[in-house]
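One structure is given here, and the rest of the page talks about it.
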Amino acid sequence: MQSPFDFDDSDPEDQDSRRGPFVSSDDYELNNWDRPTSRRRPPPPHTSTQHSVPQISHTPSHTLPPPPSDDFDFANVSSLSQTHLLNPPAAYHRPTSRSSTSSSLKDYANYSYDFDDYLPKDDEGYQLHTEESPINSSPNGSSAFVSPNSSSSPPNTAPYNNPYQSFNGYASSNNIFQPFQRDSDEPEIFNQDSFVEEEKKVQPSTVANTENVAGTEKVKLLNGEYYSFDYPVPKLLLDKIPFQGAKDLTEFSYLRYHAITADPKDYNPGNPFARNYIENYPLRQKWYPIQRETELMVVCTMYNEDEVLLARTLKGVFKNIKHMYNLPDKGDGSQVFGRSAWKKIVVVVVADGRNKLNDKAKSLLTLLGCYQEGIIQEKVNDKDVKAHLFEYTTSFGIGKFDYSARDNTSAHCRVPLVTDQTIPVQLMFLLKEKNAQKINSHRWALNFLCPNLRPKVVCLIDVGTEPGPDSIYKLWEAFKDPQVAGVCGEIRAMLGRHASANDEISLFGKLGLWIVCKLSDLWACVRNPLVAAQNFEYKMSNVLDKPTESFYGFVTVLPGAFSAYRYEALQGDPLEAYFHGEDMKTDTEKPAGVLESNMYLAEDRILCYQLVSKPHSSFLLRYVHDSFAVTDVPGSVDEFMAQRRRWLNGSFFAALYSLIHFYRILGCSHGFGRKLLLVLEMVYQFTSIILSWFALATYFLIFRILTLQVINTSIGYNVGNVLAVVFLWIYIAAAALTFIISFGNKPNENKRLYQLAFALFAIIGIYMMFCVIVLTITAVQNIMSSIAGQTDITAITYFKNSTFRNLTISLASTYVLYILSSLLFFDTFHLIACTLQYLLLNPAYVNVLSIYAFCNIDDISWGTKGALKTEDSGSKKAANVVAGTGDKELLLSEALSDPDELYLKAQKELQSSGDGSKKSDTSNIKQSLTNYAKGRTYAVLFWLASNFALLVVVLRTGGLDDYISIHDQTETPGVVGTTTPAATTTATLRKRNYDEKTASIFMTVILWIVAAMALFRFVGCVFYRIDFFVRRRKHRRSGVYY
């Protein structure tokens, strides 16, 4: 790429024609750099040192004098070109066929460097380098002198054996890179070097050219405001790149660093200066002579996840890019990807806070080439740096994970890299200075990077979530329908610790791997019932809820862990409403209330509603069932409750928001049929909210009615009554315990008490299943005895029995529906392995989670992600230096050191023991400016009062029974004041009949509502399968896209 600083100052016309969009008319000669330094200067990218490749002859070139030495007196030089100042020691101009003049010394890659200047003479690594390295066999005597056109040897799958592997005692890199085993059903990639050769033809000016290379002390601000420069990648990394000639392209040989002082919050229509600044930020895709069009941007948000979770996500993303690269060209122009897929996809990793970044995850990014320690700046022009952005095109892949080294006690790397059968990936790493939660990370991606790159589709993934081999492509494919604004795939729970879904394996090994995975999953479900229950819940949501909502056009939540959006649809009101949740937390003039704050715990639900109800649009949200991603689920009660508290409160209040503003959908551009479907879905959502509000009372009533009805069965009155009383007290004790510990006691502080509550409700669940079985057997026996001798027996005869009818409807609307819907999607493992665990924990789901969530609606935190502390990295703040005619230059960080040393250090960190995490400092967690205690009190009181009222009406308790008895006595003449046995018996019989009648009415209403909702979901599920098949075939044939 042509640099705005890389022009011939002797030719004014050439200067104007080569000026970049940010270049001013200032003189860019860097003068008066008289500040002495003893630091090692960063080496530029080296050419290959493999001497097995024959040298290629070149035409004679101009002979240039050697560059100035370290003790050169810069103060006595009036003008020096930038390249002279950027030369590290022992740099010599290489022979080249290009003409060289005194004004064309901008070709930084045309110099070769003696690596001895960067190695300590008394170091063992230096001795190894000087005595044993084949590099020293160069005939010209230079330890790194190589012809510029000599290329690396073909990709070698053997472990990398470099001469610096013992440098400073670091571990060998033999465990970092592993041989590659190609997937049997994946096309083989031939001639990997063609990536580089094709790019050289398309972008000829990027060959051996850099935009703004950092010097040893200073670097110039682009246009006086952009702190962006290129920094050479480590030689050890460059030598492992599998593409010959990659060192001649800037994107492979240089890492670009940006110290960002802008704030994505300022990107709005009312701030044209900020919009122009962000839209013209010097990202590489915009600076190529032929700008690269970004079709898909994959945003991976992380907090403090380790290197294994990060590698899992990146492995899935890389495998999807490889899948899109292998797509055949149909010849009709409908194929967007193919061989150019890697240039149309940008992968962005956004880290939420520099002080929380896992050290091992940082080391993995360093080995991939997308991060270098030491070049980070904290201030630019007295402005705080808000984020650090690194750009690099990596050529490495992620190998097979080794779970045997999970404890990190050995030197074996858990995340090996591969170099064979890989394709380039445009990788960005955006490191936020402060922790500001995931929504702020999305803001950086959608309000800072997207306005510059202008991607058509944005895919959001949480680090730790691993997409399937072609899952991201299937999400993108759904956008061929121009009405689709957002899509999501299936979220699968990670059960057993087995191989990744993206691991390459032989054809015969796939069947064996499938069996091993299923056995591992089964054992995980047996060992941890909580994980099994969550897996069952995830599966039923994926085969019932999501397909139904997709058919009607409004998926209530596209999970941020794995979803994709059309960027055009996001712009305007949807993004403004989405980021309002972050803005209101810092608004001290009009602080948000408790209801609004909880609503934005599920801001993705707000975004979904805003997309469907966007004015003058007819956007829909879809679910893609064959696109999946695997993610970890909480394995302990405390983690589970902390997660579900946010989910329950956020989803409940966000659903209220969508219902209150439902009228907006009627004003959109949807057709009459679509509006009718959306109205039906809103009725369904309203019913769901009502049931969830009264879930506490409803579940207790069903429990109480079942236990009392058992008394009239073969168990007998005495035994049945004793069991009913015992389990009633267990239920009350469990509910009371949950209420007590929910006020002011966090799950991580009282794990045992919450586990006790779960255990007590599991006992309740066992007894309720026992009651259902006994009542079903008794009902069938009664029916058989009553129809004995009859000849015209039909199904209606059985349904005339109320008990049998109610039980049949309840079982059919739950378990039968689960079986049919699972068969419809050919997924039945969860029915076998997880159903029993879900039934046992279902009472705790309803009671413990609901109580804890409502009792903590004043807690609007996201768990541990609350620290807003900025850590001291030890790097030097950038200071302005005036030079020449007022050019702005900045001092580089004092922490800057040899990139090869940093590379080896990252390798050692990745192989070391420990998890690489950093301790949280809870004392720095930002406290809410608003007191939500009053709002919580009112909400909990109203919730309990309404549920208690339902209990009183159905059970005639709480004094209602006495009031009715007294009222009946006053209505009967001559009965007032009498207590005869006949009157007592009559009142008892009347109360029993009333209780049975009320219970029967209540059970009938509840069961028919549940049955109607189940039928609604099943019908939507069936029509989704038909609609999905028709739409996919339609858009695949037509090739409709945007």
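Using the three backbone atoms N, Cα and C, a Cβ is placed for every residue, glycine included.
Caution: TrEMBL annotation is automatic and unverified by curators.
Sequence annotations record features per position, and here TrEMBL assigns compositional bias 'Acidic residues' to 1-14. Feature annotation from TrEMBL assigns compositional bias 'Low complexity' to 47-62, 140-163. Feature annotation from TrEMBL assigns domain 'Chitin synthase N-terminal' to 217-295. Positions annotated as region 'Disordered' by TrEMBL: 1-80, 85-104, 129-165. Per TrEMBL, the feature transmembrane segment maps to 678-702, 722-744, 756-780, 815-841, 937-955, 1001-1026.
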* Asked: Sequence-remote contacts (6 or more beyond its ends) of the transmembrane segment (1001-1026), Cβ cut-off under 8 Å?
  -> 543-545, 547-552, 623, 680, 684, 687-688, 691, 698, 701-702, 705, 802, 806, 809-810, 812-814, 817, 820-821, 824-825, 954
* Structure fact -> The recorded stretch from 722-744, 756-780, 815-841, 937-955 sharing the largest number of CB pairs under 8 A with the transmembrane segment (678-702) is 937-955
* To do: Report, as numbers and ranges, every residue of the chain located at least six residues beyond the transmembrane segment (756-780) whose Cβ falls under 8 Å of a Cβ in that stretch; write 'none' if there are none.
  => 637, 702-703, 706-707, 709-710, 713-715, 723, 727, 730-731, 733-734, 737-738, 741, 801, 803-804, 807, 839-844, 847-848
* Structure fact -> Residue counts for the domain 'Chitin synthase N-terminal' (217-295) under DSSP, helix then strand then coil, are 26 helix, 19 strand, 34 coil
* To do: Report the mean pLDDT of the predicted model across the domain 'Chitin synthase N-terminal' (217-295), rounded to a whole number.
  => 85
